[in-house]
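S.K.: Quick one: structure below, then a few questions.
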Amino acid sequence: MMINNNNTTLEMCISNVTYDKLFHISSSIWYVFGFIGVLFGIPGHILQIIISFNKASRKEPTSLYFIAMSVVETVFLLGLFWLWCVKMSLIKTDPREILSCGIFYSIMVGSTALSHLYLASLSIDRSIIILDPTRYRLIVTQFHVISRILLITLIIILLSIPHHFYLHYEPRITLFLCDFNLSLYHRKVRIWSFIHAILLVGIPSLIVCISSAILLHNRCKHKRMYKNNLSANARRMHRHSILLFIYSLGLFLSILPGCILEIFIVHDRLFYHNMHCSIQWKIYRILLNCFLILSSITYSNKFYIHLTISTTFRNDFIQLITCKSNQKSTKSIKLNETNNNEQYLLSPLNQTKTIDI
């Protein structure tokens, strides 16, 4: 409905009972899960960083990935918590008005992109130990891991710089994190949405799924070869490989739809400038609440997944919370396990490689 009054145009949205009810339900669920994600996610990431920095873990190159992922996902959850506080009227000032929408968008979207790329790089390293275990120690070193983390971070920072110049926040019409200037060249905005969805989310998540499938295939092959003589450790690793594959598939299916939705929103905002009262626009608002729920869960559970899958990490966690200082005994146990694993991996009789997840 359009009302003209003294050369001023005011657009009023006609209320829809069904939409209002669905939007209220999705918003209520988002308020609950957004708080739960922050409540469990940030302490989990802090514990992940502390454990990864201990004397035994920080020597492992893969621990650097866990530290980097915990840092960027903590940043994301803090930004999400700020938005949650604004929605709940606990804080009046929106972060997009303080930092500028371009900077806030870069922080939120950049942190998630970094998390996906770090996880994909970690998954590639895990696949190397299965496919080429003899060269693993030469390929995956602390220097190489640090170099990759810095390179990935630099690329994302460079890609995020333009956002500061063409994104803004308008409370009445902004649907996604930010809105963009309609005077901007349309192709640039559309290209970025595809880059984000395909290169920064889709492909890294797919790499994680493929790596998990390689690990699961390795464990299934080992189970078939030693069906009647499987140790308890081998059975445990097989179960964990299944869990890791299911998690990676769930990660892919939960994150990619949100990026596809962003592409549709960008397209509609470019070609239908005044559509925020349409049914399609209202459906977008409900779907965005759903994907915010998935995001709050996805970026807060890696510590708990790691705690479930890795025996070594679980022992380090127990040692941390019980304040025990059995560093020598723990270190000797880890060295023995590492030596046993390496001997098994390098054995010429073993045609299938194993890895402690």
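Backbone N, Cα and C atoms are what each Cβ position is placed from, and that goes for glycine too.
So TrEMBL lists these for the protein:
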type	residues	note
DOMAIN	44-299	domain 'G-protein coupled receptors family 1 profile'
TRANSMEM	29-51	transmembrane segment
TRANSMEM	63-83	transmembrane segment
TRANSMEM	103-124	transmembrane segment
TRANSMEM	145-166	transmembrane segment
TRANSMEM	191-216	transmembrane segment
TRANSMEM	242-266	transmembrane segment
TRANSMEM	286-305	transmembrane segment
S.K.: Can you name the far-off residues of the same chain, 6+ from the ends of the transmembrane segment (29-51), with a Cβ under 8 Å from a Cβ of it?
M.R.: 57, 66-67, 70-71, 73-74, 77-78, 80-81, 84, 87-88, 289, 292-293, 295-297, 299-304, 306, 313, 316-317, 320
S.K.: What else in the chain is close to the transmembrane segment (63-83), if you only count residues 6 or more beyond its ends and a Cβ gap under 8 Å?
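M.R.: Contacts of the transmembrane segment (63-83) (Cβ under 8 Å, skipping residues fewer than 6 from its ends): 34-35, 37-38, 41-42, 45-46, 48-49, 52-53, 57, 91, 94-95, 104, 107-108, 111-112, 114-115, 118-119, 121-122, 125, 142, 145-146, 149, 292, 295-296, 299-300, 302-303, 306.
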S.K.: Quick one: average pLDDT across the domain 'G-protein coupled receptors family 1 profile' (44-299), no decimals.
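M.R.: 83, rounded to a whole number.
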